[in-house]
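Q: Copied straight from TrEMBL:
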- B:LYS78: active site, charge relay system (ACT_SITE)
- B:SER156: active site, charge relay system (ACT_SITE)
- B:SER180: active site, acyl-ester intermediate (ACT_SITE)
- B:25-473: domain 'Amidase' (DOMAIN)
Amino acid sequence: MAITEDEARKVAHLARIAVDDADLPALAQELNGILHFMEQLNEVDVEGIEPMTGVEPMRLKRRVDIVTDGEMQDLILKNAPDAREGFFAVPKVVE
Amino acid sequence: MSDLNKLTIASARDGLRKGDFTSLDLTEACLSAIECADGLNAYSHRTPDAARAMAAAADQRIQSGDAPAMCGIPLGIKDLFCTKGVPSQAASRILDGFLPQYESTVTQNLWDAGAVMLGKLSMDEFAMGSSNESSCYGPVVNPWKVDGRQLTPGGSSGGSAAAVAADLCLAATGTDTGGSIRQPAAFTGTVGLKPTYGRVSRWGVIAFASSLDQAGPMTKTVRDAAIMLGAMASVDPKDSTSAEREIPDYEAALTGDIRGKKIGIPREYRMEGMSDEIDALWRQAAEMLHDAGAEIVDISLPHTKYALPAYYVIAPAEASSNLARYDGVRYGRRAKLGAGDGVVEMYEKTRAQGFGPEVQRRIMIGTYVLSAGFYDAYYNRARRVRALIKRDFDQAYAAGVDAILTPATPSAAFGLGEMSGKDPVEMYLNDVFTVTVNLAGLPGISVPVGLDKQGLPLGMQLIGRPWDEAGLLNLAQSLESAAGFTAKPARWW
């Protein structure tokens, strides 16, 4: 499976990273190098093996369904590049 | 008293309790050492005022007789830990100006125990790298130097390793996703411990790959690693993967008695092209443990070869998801936008400008292996291989092995810039002996055992049973004392 320039553009867009068209061939080549390295995994017989999700079989912890945190709007907005009137501000999303 | 910055945690603790010196004395000694070490570029942010205030408070606590082991001990903190009101940016431009409004559980535990913060330590951007060259603060330089070259301290916890080796703190925190504590420890002649996954809380530690990340101590001795792990570890309701297990007294476990312990030597780690020096040192280390009463047995971990490719699917996949939060909206930096740019352009420009090339590469690889059509072929296959790698270890431990001995790295520290321009996969090979441990969630420790013929430190890795950091530390201390590694880098900075 080799990544074409077009697919590299698609991956960059999915990842929301702007890449200049001129840089796409180099990016595709780099990604191909890494994917080629991963292809070794095809040598392994994984028949009947479940994909591993966690290192220790444990039941996810549960707690009582009550509010334990909150009321800190100012702290949450403190690091925002643009916050106004208690909200995060972004460029226009809908025309 | 001079040179207090050169003390270990254990000797500083004893001196503080006896009243030979104060935490303020210790702290001032570290702060002056830091002042004179700009050439190493280890600290990305210094907090001298907070350090003095914390030291004064620790001195009061020691006087009142309420002094846990870490009380008054000056530490450096990896930039990956969120520290309240102190820049914490994972050595990335995208977190420029970010001031956490909360404290990570690990650092809070350390401050509660009375430890003193000297500042933040540089690292590879988002902990992705093995040479510290991807830091937005510029590379950290290894205090070890044997010729005209400047060497890498390793990565990603390179600032931590350099600071400990150069006595710019008594110890430091590190994090390890694929070897980021153990490889830099080996490159700098220091001790680095990655605990069992779940032993130390991940809350407030900037996430890279959540199923692999684990924080741990980077210290001058194994005893110090035992003391510091005891203060870092906790059962934390804020981390759903924090294990509900009692935290033993790790220092008390250092009995020096390792008679009858069974040490496995995995044949698959004897890689083709491995240097004779590392091979010889590995054999010597096994002999040292044997002479101390351990039994050495050959074992097989047949899927070792596939650990690195599995890791480089799983870690970028998790990273692409974790790093989606850096979008220029909630924190960090937002790119300057052109007229008519909408929200998508804001995301794309912010991330293109904010992330360095290696981070971008890993996010895109992760995005690709998680995308429709490739999820099964790459991501699920890698997770199944991961299960087999873990099974290899489970079987070795079930057969009675107490710990496994391997080299920590395939070479000694290399020169800064020597790997740039090479295939990224070449850099990934640095992790060949360490990634298996993260994939299986096991504890692992790197211990300095000797110098190579150039005069650079080499480390050995001991891998323990899950949750048996106590037994692992005891074995590591036995190896440390048999090896008698006391070399320090000659000061040039």
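Just so it is clear, glycine is given a Cβ too, placed from its N, Cα and C backbone atoms.
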Q: Roughly how many Å lie between the Cα atoms of B:SER180 (active site, acyl-ester intermediate) and B:SER156 (active site, charge relay system), rounded to a whole value?
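A: One finds 5 Å between the Cα atoms of these residues.
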Q: Which active-site residues (B:LYS78, B:SER156, B:SER180) come close to chain A, taking a Cβ gap under 8 Å as close?
A: none
Q: Please report the number of other Cβ atoms within 10 Å of the Cβ of B:SER156 (active site, charge relay system).
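A: For B:SER156 (active site, charge relay system), the count of other Cβ atoms within 10 Å is 36.
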Q: Suppose you look only at the domain 'Amidase' (B:25-473); what would the mean pLDDT be?
A: 96
Q: From the Cα of B:SER156 (active site, charge relay system) across to the Cα of B:LYS78 (active site, charge relay system), what is the distance in angstrom?
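A: Approximately 10 Å lies between the Cα of B:LYS78 (active site, charge relay system) and that of B:SER156 (active site, charge relay system).
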Q: Around B:LYS78 (active site, charge relay system), how many other C-beta atoms are within 10 angstroms of its C-beta?
A: 32
Q: Suppose we draw a 10 Å sphere around the Cβ of B:SER180 (active site, acyl-ester intermediate). How many other Cβ atoms does it contain, all chains included?
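A: 35, counting other Cβ atoms within 10 Å of B:SER180 (active site, acyl-ester intermediate).
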